[in-house]
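**Q** Here you go, one structure.
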Amino acid sequence: MTKPVCVLVGAPGSGKTTVGEELAARLGVDFRDTDADIEALAGKPIPEIFIDEGEAHFRTLERAAVAAALASHGGVLALGGGAVLAEENRAALVGHTVVYLSVELPDAVKRVGLSTGRPLLAVNPRATLKHLMDQRRPLYAEVATATVVTDGRAPEEIATEIVGLLKP
Ligand code: S3P
C-alpha cells in the first residue's frame with residue numbers, strides 16, 4: 001500500500017488542479033485528481049453524472065474514488081472541493097499530509113469563472129460559491145496538516161511554498 005506525498009483540498013477555484021500539476025512536476029511524481037477518477041469510473045463527465053443520477057450518486061462515487069486513490073497513489077492527489085463533506089473521507093485523511101489551499105471569494109470567483117463543468121455552480125455562481133465556502137472552511141481546516149494562502153498568488157509560487165513544507 002502506497003500513500004500520496006501530498007493531498008490537496010480546498011474550494012472550487014482554490015487552484016488544486018493547477019497547483020497540483022505544478023507541484024507534481026517539481027517533485028517528479030504523478031498528479032492524480034479524484035474528479036478525473038470519478039469521470040473514468042462513471043464513463044461520463046461530472047455534469048452528466050449530476051444530471052443523470054444526481055448529487056448523492058456522485059458523492060457515492062467520490063467516496064470510492066477517494067478511498068482508492070488514498071490507498072494506491074504515491075504522488076500528488078487533488079480531491080474535489082466537496083469531498084470533505086463526507087465524514088468517511090475526512091476520517092480517511094487522518095495520517096496523510098493534507099495541504100489546504102485557502103482562497104477568499106473574489107479570487108475563487110475569478111478562477112472558477114474561467115472554467116466550466118461545475119454543476120453546483122451552474123446557477124448563481126458567486127452566491128453558491130460563498131455558501132459552499134462558508135459551510136466547508138471548518139472542514140478543510142479540520143483535515144489539513146498545513147494551510148497555504150492562494151489569493152493573488154501564481155501557481156508556481158504556491159507550489160514552491162508547498163515543496164518547502166514537504167521537506168523533512
Ligand atoms: C464539487 C467540486 C468539483 C467537483 C464537483 C463537485 C463541489 O471539484 O468535484 O463538481 O462540491 O464543490 P473542484 O473542487 O475541482 O471544482
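Glycine is treated like the rest: Cβ placed from N, Cα and C.
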**Q** Look at the ATP binding annotation in TrEMBL, where G13, S14, G15, K16, T17, T18, R153 are given, and name the residue from R26, R118 listed for that site too.
**A** R118
**Q** Which whole-number value in Å describes the distance between the Cα atoms of S14 (ATP binding site) and G81 (substrate binding site)?
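**A** It is 9 Å, counting Cα to Cα.
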**Q** Please report the Cα separation of G81 (substrate binding site) and G13 (ATP binding site) in Å, rounded to an integer.
**A** 9
**Q** Given the recorded substrate site (D35, R59, G81, R136), which additional residues of the same chain have their Cβ within 8 Å of the Cβ centre, ordered by sequence?
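**A** So the extra residues in range turn out to be P12, E62, L79, G80, G82, A83, V84, L85.
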**Q** Between C-alpha atoms, which of these binding-site residues comes nearest to K16 (ATP binding site): D35, R59, R136?
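**A** Going through D35, R59, R136 one by one, the closest to K16 (ATP binding site) is D35.
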**Q** Scan G13, G15, D35, G81, R118, R153 for binding-site residues whose C-beta lands under 6 Å from an atom of ligand 1 and note them, or write none.
**A** D35, G81, R118
**Q** Quick one: Cα separation, R59 (substrate binding site) versus R153 (ATP binding site), in Å?
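**A** A Cα-Cα distance of 31 Å.
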